[in-house]
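**Q** Here it is: the structure, laid out below.
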Number of protein chains: 2
Amino acid sequence: MEVKEMLFMNKGDGENSYVKTSGYTQKVAAVTQPVVYRAAQSLFTGRNSCSYQVLNVADLGCSSGPNTFTVMSTVIESTRDKCTELNWQMPEIQFYLNDLVGNDFNTLFKGLSVIQDKYKNVSCFAMGAPGSFHGRLFPQNSMHLIHSSYGVQWLSKVPKMTSEGGLSPPNKGKIYISKTSPPAVWKAYLSQFQEDFLSFLRCRSPELVPDGRMVLIIHGRKSADPTTRESCYTWEVLADAISYQVSQGLIDEEKLNSFNVPYYIPSQEEVRDLVNKEGSFLTEFVDTIEVELEGIWTGPENGAKNLRSFTEPMISHQFGEEVMDKLYDKVKDILVEDCKQEKQSTRGVSIVLELKKKESHLS
Amino acid sequence: MEVKEMLFMNKGDGENSYVKTSGYTQKVAAVTQPVVYRAAQSLFTGRNSCSYQVLNVADLGCSSGPNTFTVMSTVIESTRDKCTELNWQMPEIQFYLNDLVGNDFNTLFKGLSVIQDKYKNVSCFAMGAPGSFHGRLFPQNSMHLIHSSYGVQWLSKVPKMTSEGGLSPPNKGKIYISKTSPPAVWKAYLSQFQEDFLSFLRCRSPELVPDGRMVLIIHGRKSADPTTRESCYTWEVLADAISYQVSQGLIDEEKLNSFNVPYYIPSQEEVRDLVNKEGSFLTEFVDTIEVELEGIWTGPENGAKNLRSFTEPMISHQFGEEVMDKLYDKVKDILVEDCKQEKQSTRGVSIVLELKKKESHLS
């Protein structure tokens with residue numbers, strides 16, 4: 001089974017669903033909306049600006065809500081404000097909501113009534129666009145604005161890594177880059193991220209109109225070192241919880257040692273290098289921001305639910321559905337303990353990037 | 001609850017699902033593909049034809065498959081053939097698959113791999129477009145070809161009817177126009193169809209580019225009389241099965257008398273009159289065709305399953321889920337009996353219509 005077939009957020013709107021537990025990415029969305037607002041307005045001020053008939057806007061990795069509705073609201077209001085200011089007619093807006101085929105589009109579509117009810121006088125249309133953003137999603141020259149929040153740190157596949165000498169497992173007892181991982185593990189992760197992010201940019205480039213904008217919000221890190229608690233905490237907790245199930249005989253050790261998450265937390269520098277290397281975008285804005293986790297989850301139980309909502313489909317695929325409740329109970333226990341010892345992660349780091357498609361791409 | 005919230009085909013791919021039992025509409029699709037093929041090609045020969053970069057194609061009321069994949073295949077192959085003939089570059093094709101929000105888009109999207117696997121060298125993209133085709137679905141001037149099969153005979157609401165004198169129920173014991181229905185019932189149905197089909201055409205008109213095409217396949221009737229067995233058979237059988245449950249005390253008679261289906265089976269003349277009245281389309285082609293039902297369903301059991309797949313969500317909403325198995329068992333019994341007496345309907349009638357958007361609409 002490929003990554004794209006097992007990678008989706010928990011479905012529906014039950015207590016472990018992504019819809020109900022996505023507090024952190026909601027807070028990130030709230031903090032980053034000014035960038036989206038400004039990017040939408042800048043479409044009306046460039047050399048290629050005109051009184052658009054239709055504005056095409058995509059949200060990549062939109063999941064099943066509600067963050068994508070926040071983005072839709074921002075784009076609608078930004079456009080409305082700008083058109084009022086310029087005394088132009090408001091264009092029709094067509095939103096393309098993208099995620100993998102396994103995403104719960106039925107729940108997403110039911111949620112759209114929020115937008116329809118809120119903006120009754122705006123002509124806007126919402127489409128679901130199923131597919132992987134590691135490949136082409138839209139016709140050439142069709143998009144004005146592309147947004148993706150907490151999407152592009154997901155890799156198209158688990159990095160290939162081999163252990164030195166080939167004796168012990170290359171990333172024994174861990175599921176992501178860790179203090180105890182040999183350098184080959186980081187190298188493999190970085191290499192896969194470079195390949196994926198370059199191909200992501202190369203796919204988006206023909207899809208955007210000249211002067212079109214792309215706003216990317218990426219789970220990132222501040223330190224050059226990829227093994228600090230800041231970036232690895234989630235995966236360390238999960239690895240510890242899995243290790244505990246191994247010690248209880250509920251999970252086969254071999255399954256843990258052969259598993260790594262298809263996820264890489266880059267630094268701003270790593271991201272900028274790749275944008276420059278690809279060459280068809282200008283960086284209009286870049287920043288690394290920190291969002292306090294305090295107040296988002298009232299206690300470790302909700303932290304565990306959030307972690308479950310975006311990791312369970314992938315984790316249960318590897319380790320089996322029957323062990324999930326026990327595994328995430330252990331996650332909760334670890335979070336409770338870390339909380340007492342004030343060892344838990346208190347801030348989330350995001351790289352915020354606004355790119356502009358160059359007029360013509362002379363490579 | 002509005003019609004658009006309870007109207008969808010049975011979900012998933014189980015034995016009563018629409019995906020597994022849509023043999024009749026599959027046969028209709030097979031028979032009508034030459035019209036779709038020709039309509040797609042005609043886009044390349046009109047006054048406004050050019051070497052398209054992108055062709056936008058919509059299928060309205062697409063359900064969750066597989067008929068919509070047949071339409072996609074036809075459009076791709078027709079375009080490829082025409083471009084080969086003209087020595088033009090093949091455009092990218094963007095498909096918009098529309099149905100009501102309650103439709104099972106998750107199943108639809110999973111089925112799309114059939115098309116991706118079949119046309120690896122064609123650049124085509126598929127979007128889900130949730131919403132009612134009784135309202136606007138797409139931006140102005142955005143569609144080149146719109147297709148809808150067995151969609152537009154569904155009404156936006158149940159026709160309002162009052163009984164003469166207001167004493168007995170206006171359509172007692174029936175759920176559609178019947179031999180025993182008073183004239184007011186037909187009048188109410190026709191009036192609702194006129195309102196809905198006119199608004200359908202008025203919504204599509206701005207969405208289509210000039211010279212854009214629309215292919216509509218509508219469940220229709222040949223006779224001027226709307227009460228012949230030819231058009232009413234399905235609803236008569238269902239009404240009889242419901243009446244039987246009433247006689248058994250399983251369904252409240254009041255519930256039957258207050259229910260009518262939001263569905264109207266028009267004649268070709270009724271449809272043409274409305275196209276002319278709306279005024280922004282030229283009729284390029286119109287025909288009324290008959291499709292033999294023989295060989296589609298091997299026996300009444302499959303006939304009952306098909307009927308269940310497209311009526312159950314609506315019927316269970318009115319009469320309750322708990323009585324559904326018994327109700328459709330009775331449907332099967334009636335079909336078996338009719339089969340023995342050769343009373344069953346042996347042909348389905350469809351109106352096939354190809355419309356061309358006029359260059360400018362001077363009303």
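Heads up, the Cβ atoms here are built off N, Cα and C, so glycines get one too.
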**Q** Starting from the Mg(2+) binding annotation in Swiss-Prot that includes B:F259, B:N260, which of B:N121, B:N141, B:N171 is the extra site residue?
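**A** For the Mg(2+) site that includes B:F259, B:N260, Swiss-Prot also lists B:N171.
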**Q** Near B:T25 (theobromine binding site), meaning Cα within 10 Å, which of B:N67, B:S132, B:F259 (binding-site residues)?
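**A** Of everything listed, what lies within 10 Å of B:T25 (theobromine binding site) (Cα to Cα) is B:N67.
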**Q** Taking the centroid of the Cβ atoms of B:T25, B:Y150, B:Q153, B:W154, B:H219, B:F310 (theobromine site), which other same-chain residues have Cβ within 8 Å of it?
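**A** So the additional residues around the site are B:G61, B:S149, B:G151, B:I218, B:Y263.
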**Q** Which residues does B:F133 (S-adenosyl-L-homocysteine binding site) neighbour through Cβ under 8 Å, counting only same-chain ones at least six apart?
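**A** In sequence order, B:L60, B:G61, B:N98, B:S148, B:G151, B:V152, B:F200, B:C203, B:R204 meet the Cβ cut-off.
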**Q** Tell me, by DSSP, whether B:T25 (theobromine binding site) is helix, strand or coil?
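**A** SS state of B:T25 (theobromine binding site) = helix.
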**Q** I need the least crowded one of these recorded positions (B:H147, B:H219), counting other C-beta atoms within 10 angstroms of each C-beta.
**A** B:H219
**Q** I'd like the number of other C-beta atoms within 10 A of the C-beta of B:N171 (Mg(2+) binding site), please.
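**A** Taking all protein chains shown, B:N171 (Mg(2+) binding site) has 26 Cβ neighbours within 10 Å.
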**Q** Please work out the number of neighbouring Cβ atoms within 10 Å of the Cβ of B:F310 (theobromine binding site), leaving out its own Cβ.
**A** 23
